């Protein structure tokens, strides 16, 4: 009874803490100025409208040729209607993290034979992990995206694999394969992390078991999806190829990611603390992966401290070798993807996010042998403090980026479309979140979709509407896709390409953020 109460309280605490920043901002209402989350909600609606089957393409994206994103998260969301889906969105990250936290407590207590207090302490290290909100390149548990869902499946799959390696019971291995197969149908990044970590883990253990589980998981995903996983994989490889070329040419859109881990950033940090504190913030939250892991995932440093301070005392810790090599696998992937040649493989710290729950578990197991709790208490206090600092920073970031005025402007655009231009075709130039919210809230179409290496120069020119290429292909694009209206940003100064469109097409609606131009294609 006591354990059940602890699990329930732990679960509710995590759900509340993860949703707290959203609750404090408009009571959880999702801003119309965001992008990724509306895309996932829209794809779920497409699946629902298609009879709960994955459509071949997104119907209101004029450039959509196929869907290559893993669809399991969206299929599950499609079981809810629009209202319920939007209502649960702020809590999805917390619900999934809550299940991980309860699993950590249960495994530490029942399998690790730890006392209730140490088991709770181990779980609390995960509960208050500062990284869990995600303030660097993209939000984590604060928005309803497949990111936390993929990490949840990764945790369960690797946990089952750990138990199989420890006990040899086949049902643990079977569960690892099934859960691993679901990863390939749920999240590109988690699939990537699962593959990299298991390959290196197999080498460190000198065992083919992790590799067999990895291959079996992928084959199962192919079988269950009737080959659709291969379609996802091809899209994934194409995406990585484009990212690699972009990074190696120094053209990634976010320079804080392009210029990660530069030595001069560290050398200039003391001076910039007084002259340009914003740059120091970016250094600790975006630009330097080592500082991100050190401060946002302090359990990693705590694990290293215990491991090297009491090496002999820890030999009796259950599965110490398995957990050590697992964490080392994640660390090696992190180190590799922190280097310039491999930045295109995604944010390095996210690989550590995937293995950090096991670090919390291992610290609990270590405490039972060392008995030295003070280091853990200090790390927990630091984590709690930084967690709430991150809550405040998240609220500040959202409010500074998504002003009430801009939110109202988006609402007025959507209202105008629904009343004055239903079922019309829009070109949003340059691209913005309107490409997502217009199809979601109206029955109109947008000139948006995917770009491929094989796409025509005209399609590729849409990436940069300020380029000479776009100016050259503009008329043919508008005619080819029978565009009715152009929506462009109301900014000063206006680029010549955008100014030329305003001169050639009459303004039929405007507000402080946007112009709507009637396109005489």
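Backbone N, Cα and C define each Cβ position, glycine as well.
Per TrEMBL, transmembrane segment is recorded for 61-80, 87-108, 114-136, 148-165, 171-189, 196-220, 280-305, 317-336, 375-396.
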Which listed stretch (87-108, 171-189, 280-305, 375-396) has the most C-beta pairs under 8 A with the transmembrane segment (114-136)?
375-396
Counting Cβ pairs closer than 8 Å, which of 87-108, 196-220, 280-305, 317-336 has the most of them with the transmembrane segment (148-165)?
87-108
With an 8 Å cut-off on Cβ pairs and a sequence gap of 6 or more, do the transmembrane segment (196-220) and the transmembrane segment (317-336) reach 3 or more such pairs?
yes
Which of 87-108, 171-189, 280-305, 317-336 shares the most C-beta pairs under 8 angstroms with the transmembrane segment (61-80)?
171-189
